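> Encoded as structure tokens, here's the structure I'll be asking about.
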Amino acid sequence: MAFSNSHVMTSSRLVETIQINFEDFSESFLTCGTCLNLFDAGEHQPKLLPCSHTLCRSCLQRIMQGPGPGRQAESFRCPICREGIAVPHGGGAAAFPPSFVVNQLLDLMASQRRDLVPKCSIHSGRELLFCETCDTVFCPACLSHQAKADHTVLSFSVAVKRMTEILLYKATLAASQLGSAYEAVCREVETLDANAEACMQSVDQAFQQLRDLVDRRHSTVRETVKRVKEEKRRALKEQLELIGQEKARVESECEGLQYQMDVMAITKKISDLNAKLDTFAGLSEPRENAYMEFSRDASASGVANANVVDDECLRSVEAALQRCGKVRVSTTHPGLCSVQLLSGADAATAGLRCSALLHTVDYHGRRRRDGGDPVSARLETPGGEQLEIGVVDKGDGSYELNFLPLSAGRHRLDVRVFGRPVRDCPLALDVAGRQRPAAKAGGAGRGSQPGQLQAPYAVAVGRNGEVYISDTGNSRIVVLDSTLRWLGDLGRSACTGQSATGLAVDAGGRLWVANWRQRRVFEVEPVEDRISSSLQSAAFREPGLVAVGPRGHVIVGDAGAGAVFVCDPTLTEADGAVLARIDGLSGLTALAVGCHDSACSAAAAVQREPQMLLCCAVGAKLLVYEIGAGQSSEAESGIGIRHSLTGSACVSSAVTGLALDSDGRLLASRATGDVEVHSRPLGEFLCRVVPDEAEKLRRPGGVASLGQGWLAVVDAQGHAVKKFRYV
């Protein structure tokens, strides 16, 4: 309500006039407090209650309605102050006196708002109503709209008031958003000016360097001209001095000859001059030529096509200048770009490297096909720490984001292009503290039925992706597919005595099974399910581990002997098959063999004998050996220790399984129930696979890479093998 006061002084009284806003006044004083309809002379006629509150007749009739049809209550409570009101006898709602003050105000306001509030064209005395539910304006007397009981019906003036408020709110919101947009565009303009200035400075600097190069070349060529000129001039000057000396000598010798009377002397002088004339003929030709001409092409050797050479040189310089410098722009629209998580799981996992892919699009929503945009990314931890994220430009309009969350909880991934956030950023990223297995075989208790395992020990992967498990407790080898679905079992003849703990697959797809109780390593043909050969030696005590090297050598780990044996399976003699032995490995728990990355070079390829990298776990210590001919003082065996890793790789608990994947990464299962991943046997720590509490590894055993970033690890105490992602 807006007020403007003016005071008029008279001899007897002070008169104050008040200007009232019609809409605010009508909503406050001329509206029924129950139904929110404006009072009028008809159905909503104002009635004055004994408590001095005013209600419309329609509301009074509804409140006074009795429990039965045609009956009315004898009393009721005022809906505003809750005071008890007695109903006049025989009159009902009409018997209550009208509110004269409200009627007078209605008459007064009606004279002031005839043109403000529209009325029905047919019923001029009836104010229009508005059904908020149906979004319809109607006249109650015309019955053009039947409002249901659950519909919200307002007087037209109140509806206009509300709509006006909504309109003002929306307009304010739109103005605020437009203001923010204006500020954002202004910031972009300022950034554009700053970038343009920086670009101009870079251009000036680059072309100043070109000018410096031209000036240096200019000076060099000028110095060359001066040097060549001086060399030529020096040669000609020396020739002039020689000519002058000879001339003076001849003139001095010829003085007085006209007075000489000795014929013999004159004849001799003539003979001497004839000899010198032949010599002087050489002095008549300049010993150095005066030719000097500048050619634009330093490689040009002739002058016959000098003009052509000059034109080609200028064109090549011009072409080089055209290639020198480029102003890069981009049509990427950050607000339309999207980020997609590539981990393959519903949520990222703490300790496991994650990747996301940023797809860029232009202003028209089309995918960009080239890169080069300045992309930045940060990962905010639950504690508020900001972690930088590595960005790899794939050159096709997409960018790979690599990061390693170290703690569980909700993280925020903020990706920006040109310093502006992409769509939906920052993204909420829920990081799980532990990882659930993607697949599992066994785990429902020990047993020998299909689908059951009993104390499995080792795992190996075949050429076609099949997974072999040494089911030690059941004296068999279980065959699974890459999803750990049961395919069958084999190798019972090689796994007798519940002592087959070592398992490996060679390049030909044959299985090698180490049976420590029989002190032999069996070669099993998986297709025919038969033993094709075996390795044995008097030096074997408890050969429970086996691996196959890149050259086909079978590596046997013997915890009882505290040694590792390098064997040649092509040799038939029992002890002759052992080529070399590494001692000092008491407490050996795991081993793995791979190809040395530096040995797999062109030189090694020519020799066809790649060196092996042997990893052995002794408790919590990892020892790495390089095996190759002539690589150590033990020339006959070719065994030499390269390094031992006792740092962060395996210090807190014993290693129970080792494997090397195709990229040289080392997988190490540990007694603590997790699997560590390193970039290589002697490399940096990459991540740790920690299973979910419900799927924890109770006694981890062998581990193997399934390819594409997946691994399989056996749980001897849980009687299961489980599949996890590690890359």
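Placement of Cβ uses the backbone N, Cα and C atoms for every residue, glycine included.
In case it helps, TrEMBL gives these features for our protein:
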- 32-82: domain 'RING-type' (DOMAIN)
- 226-253: coiled coil (COILED)
- 328-431: repeat 'Filamin' (REPEAT)
- 446-483: repeat 'NHL' (REPEAT)
> Counting only residues 6+ away from its ends, which parts of the chain sit with a Cβ under 8 Å from the repeat 'NHL' (446-483)?
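Residues packing against the repeat 'NHL' (446-483) from afar: 439, 489-492, 494-505, 507, 509, 511, 513, 524, 526, 657, 701-707, 710, 712-717, 719-721, 723.
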> Using a Cβ cut-off of under 8 Å, list the residues of the same chain at least 6 residues beyond the coiled coil (226-253) that approach it.
269, 272-273, 276, 280, 283, 286-290, 292
> Let me know the model's mean pLDDT on the domain 'RING-type' (32-82).
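Mean pLDDT across the domain 'RING-type' (32-82) comes out at 81.
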